[in-house]
Amino acid sequence: MLIIYNLLELRTALNNIKLKEKQVGLVPTMGALHQGHISLIKRAISECDAVVVSIFVNPLQFAPHEDLAQYPRNVEADCQLCEKLGVKIVFAPSVEEIGVTGDTETQTNTTTVIPPESMTSGLCGKYRPGHFIGVATIVTKLLNIVQPDRAYFGQKDAQQLAIIRRLVIDFNLPVNIVGCQIVREESGLALSSRNQYLTPEEKTQATILHRSLQQAAIAFRKGIKETASLIKTVKNQLATIPEVKMQYVELVDPATLQPLTIVEKTGLLAIAAHLGKTRLIDNIILRQPIVAIDGPAGAGKSTVTRRVAKELGLLYLDTGAMYRAVTWLVMNSQIVVDDESAVAKIVKGVKIDLIPGNTPHLPVEVYINQQEVTQAIRTPEVTANVSAISAQAAVRKELVQAQQNYGVEGGIIAEGRDIGTNVFPDAELKIFLTASPQERAKRRLSDLQNQGYKDINLKQLEQEIIERDNKDSNRAIAPLKKADDAIEIITDRLSIEEVINKIKELYSNL
Ligand code: AMP
């Protein structure tokens, strides 16, 4: 790993990486790294060839009365951590090297980037004038310096994330902004470098922030959509710990940050509060839940998912149909299926629509680039090629992005092998549906016998299932993995009905 302090050296190192057509990921931080930062770094490493972590405590985003001087700094430990994680470059410039002068009040001495007033006048912007000008300015500089393919930011700073997404659109910056879910302590407290300022007692008191947001989320899922009522729920909860002095509770559109009076589909509910001398922020996205069902082949995932979708009124996000649709498109474009660069070109920006259908056999209608392909993607030719297509990194990347776009508003259920770990790591309900290889072999035997096959060896089926599990768990792309927070359901002694009822019950208790 390289630790670089100056721009020239950074440019040389990056040029070498880019010459090799490597994808570069940037994780901008102010250091004092914790598990929240680590989650961003790990995600970047899993999606990019080379990851740059910047460590820069940005004076432009601090007001003169704020904690710039005390802000925790520990570059040496941060570098060791980055090295262990597999980061390629830590970029830790000085204020002079990066060329910033001033703070939120004196930043007029430098060229600044001013986000739209409508996005900075509420939430933290109201209490930290100039803060988001400082953030937007330094992020623009870092994006220009590193020119990454992807840059990673935490949902913890939701206003910052929305402003950066807007900045990248408005300045036509060629970078993908990746938002990462909030990492919390077991107590629910969102991790933050500033938590170091809290006493043990304050740390316990601070958990009220998350608890109050959760109360509102429960109310929302029970059908309460009015902002006034949801905010009141949060405020009542916060008031139970008088040491926590609320600064604001707001409910806004997550992308535009405009205040909502009613949450139609999705809303960002955000809090700032003081506890002693420490200012804390936290937030939650209100939306209909996402249900992620993962598990090995033959555990009954697809039957269960279709039925649960219908009974709970969720959209069945048929990820398999999406891979089939791309396979169909490739085959219809006279491209050789394993010509990865031609496939990558055709899949870039592809538009796939899944529209709820009426029959249990085909629960969604499938469109690719506006063409209806619901039946066409079920032919044996498509089936024969779909695994070769879905193993290609470019296809995977594009379709995971498309699936995540479906997830923005929630209200969906999806099944696969990495839905809860990779596609929707923030799903409200994660199920790991499994059964013993013996049981799955028995089910498969009975399916095959019903289709008229005879003389099948049960032991051999069982062996095949064990081998397939092994392959699925160890493959490089999208391996089968149980998410830490997934609920395991072993279906050996359960009927489909019982499994469905179990999932419905878990959903209603969210
Ligand atoms: P900071 O060092 O505080 O500027 O944070 C650097 C990046 O890490 C920002 O994109 C933050 O949103 C993100 N981050 C900080 N805390 C967390 C957390 N608890 N969970 C997820 N991301 C976080």
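Cβ coordinates are placed from backbone N, Cα and C, and glycine is handled just like the others.
The average pLDDT for the region 'Pantoate--beta-alanine ligase' (1-284) in the predicted structure is 95. Annotation source TrEMBL lists region 'Pantoate--beta-alanine ligase' at 1-284.
Positions annotated as ATP binding site by TrEMBL: 30-37, 154-157, VAL183, 191-194. Long-range neighbours of VAL183 (ATP binding site) (same chain, six or more residues apart, CB within less than 8 Å of its CB): HIS34, GLN35, GLY36, ILE38, SER39, GLY154, LYS156, ALA190, LEU191.
What TrEMBL records for HIS37 is active site, proton donor. When secondary structure is read from DSSP and collapsed to three states, HIS37 (active site, proton donor) falls in the helix class. Counting Cβ atoms from all protein chains shown, HIS37 (active site, proton donor) has 27 others lying within 10 Å of its own Cβ.
Positions annotated as beta-alanine binding site by TrEMBL: GLN61. Annotation for GLN61 (beta-alanine binding site): spatial neighbours THR104, GLY130, HIS131, PHE132, GLY134, VAL135, ILE138, criterion Cβ-Cβ under 8 Å with sequence separation of six or more.
According to TrEMBL, the feature (R)-pantoate binding site maps to GLN61, GLN160. Under DSSP, GLN160 ((R)-pantoate binding site) is assigned to a helix (H, G or I) in the three-state scheme.
Summarising the annotation, TrEMBL assigns region 'Cytidylate kinase' to 285-510.
TrEMBL lists 291-507 with the feature domain 'Cytidylate kinase'.
Distance noted between the C-alpha atoms of MET30 (ATP binding site) and HIS37 (active site, proton donor) is 10 Å.
Set side by side, the binding-site residues LEU33, SER193 differ in how many other CB atoms lie within 10 angstroms of their CB, and the most is found at LEU33. By the rule that a residue counts when its Cβ sits under 6 Å from some atom of ligand 1, the binding-site residues LEU33, GLY36, GLN61, VAL183 yield GLY36, VAL183. Between GLN160 ((R)-pantoate binding site) and LEU33 (ATP binding site), the C-alpha separation comes to 18 Å.
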